[in-house]
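Participant: Per TrEMBL, the features are:
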TRANSMEM  48-69  transmembrane segment
TRANSMEM  89-109  transmembrane segment
TRANSMEM  115-136  transmembrane segment
TRANSMEM  148-165  transmembrane segment
TRANSMEM  177-197  transmembrane segment
TRANSMEM  218-236  transmembrane segment
TRANSMEM  262-282  transmembrane segment
TRANSMEM  294-313  transmembrane segment
TRANSMEM  319-337  transmembrane segment
């Protein structure tokens, strides 16, 4: 299939903005500036403030949805499918999961490298698969189970590469690297719960994707903004890098921004990129396929890794590359990218037909447009 110029634009937009999102968050973590009351210069370590900015980006998708809706209604024949009416509170549980997982991941990004952060997020496949079996009644095929086990192997390799580099890297202590990696994996458990909740309770209501992302962003932005108040008073000792050693010191964040305006550029990059990334991701799924979206998401890990190396943010580790390749194989197996290749091999064609004949798997392929519905 030949891609149109619009499809190429969407793929490029998703790859670019997805990479900028992680890189800008890491860039913000690397700034140092004085805090409030001329406190000594210290690193910008404010993960919850960054998470609020990310949800602001998601919230902007709601504004984009209403702008497109207004534009569509001015046409003689409106074409935009707004979906059926729904109770916005349906999005509260997934939004709480998203808020928790995102906050944990931003804490972890302070402790480990941007490339490892992106690679370890591949663990979501494992927990999504297991939870879909337990709570959605889904039956995984053999290739998906294989993909889960291969992904576990890849995670072990990436973790081991971080462990080895932690002994040589001066920018992060070994204990911080290990803690950061574990926090990222823990966040993927919560992210998997979010996906299962969305599939079980939200998707059946046929909500427009931009509206769904924006509604979750609305809850995440306002709830986390309010939580910044109690976080200002919760002491966490050496776990926090801000001068007062509280869970989050938003005032210190704004003071640091005042002393070093370049931090605003990094935060804006994170906020704006997440909005465009969500729009591009939704559009890629709609215009091309969910599988293409998964492939592009994997490619942005390569971009993040290459840029981090070029900027000197991290060192090259062969084991990390091997781990990433294994993670790619695991994701490909789980998402069925191996089937077109196996279908060309006579001895494997029957196995592919059996997998695609699985009712649950066939429903997934129908959703992605990779098989035709029988009439």
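Every residue, even glycine, has its Cβ placed from backbone N, Cα and C.
All annotation found in TrEMBL is predicted automatically rather than curated by experts.
Values in this document were obtained by computation on a predicted structure and should not be read as measured data.
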Participant: Could you tell me whether the transmembrane segment (115-136) and the transmembrane segment (177-197) are in contact, taking contact to mean 3+ Cβ pairs under 8 Å with a sequence separation of 6 or more?
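Facilitator: Yes, the stretches contact each other.
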Participant: Does the transmembrane segment (262-282) come near the transmembrane segment (148-165), with 3+ Cβ pairs under 8 Å (pairs 6 or more apart)?
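Facilitator: When sequence-distant Cβ pairs are counted, the transmembrane segment (148-165) does not touch the transmembrane segment (262-282), since fewer than 3 lie under 8 Å.
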Participant: Which bits of the chain, at least 6 residues beyond where the transmembrane segment (218-236) starts or stops, bring a Cβ under 8 A of a Cβ in it?
Facilitator: 48-49, 51-52, 55-56, 58-59, 62, 88, 91-92, 95-96, 98-99, 102-103, 245-251
Participant: Applying the under-8 angstroms CB criterion, which one of 48-69, 89-109, 115-136, 319-337 scores highest with the transmembrane segment (148-165)?
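Facilitator: Maximum Cβ contact count belongs to 319-337.
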Participant: Below 8 Å between Cβ atoms, which of the listed ranges 48-69, 89-109, 115-136 makes the most pairs with the transmembrane segment (319-337)?
Facilitator: 115-136
Participant: What same-chain residues lie close to the transmembrane segment (89-109): Cβ under 8 Å, and 6 or more beyond its ends?
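Facilitator: Same-chain residues near the transmembrane segment (89-109) but 6 or more away: 22, 25-26, 29, 47-48, 50-51, 54-55, 117, 121, 179-181, 183-184, 186-188, 190-191, 193-194, 197-198, 201-202, 205, 212, 215-220, 223-224.
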Participant: Within the same chain, where does the transmembrane segment (115-136) have neighbours whose Cβ lies under 8 angstroms from its own Cβ atoms, ignoring anything closer than 6 residues to its ends? I mean 6 or more beyond.
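Facilitator: Same-chain contacts beyond the flanks: 22, 26, 105, 108-109, 144-145, 147-148, 151-152, 154-155, 158-159, 161-162, 180-181, 184-185, 188-189, 191-193, 195-196, 199-200, 300-301, 304-305, 308, 314, 320, 323-324, 327, 330-331, 334.
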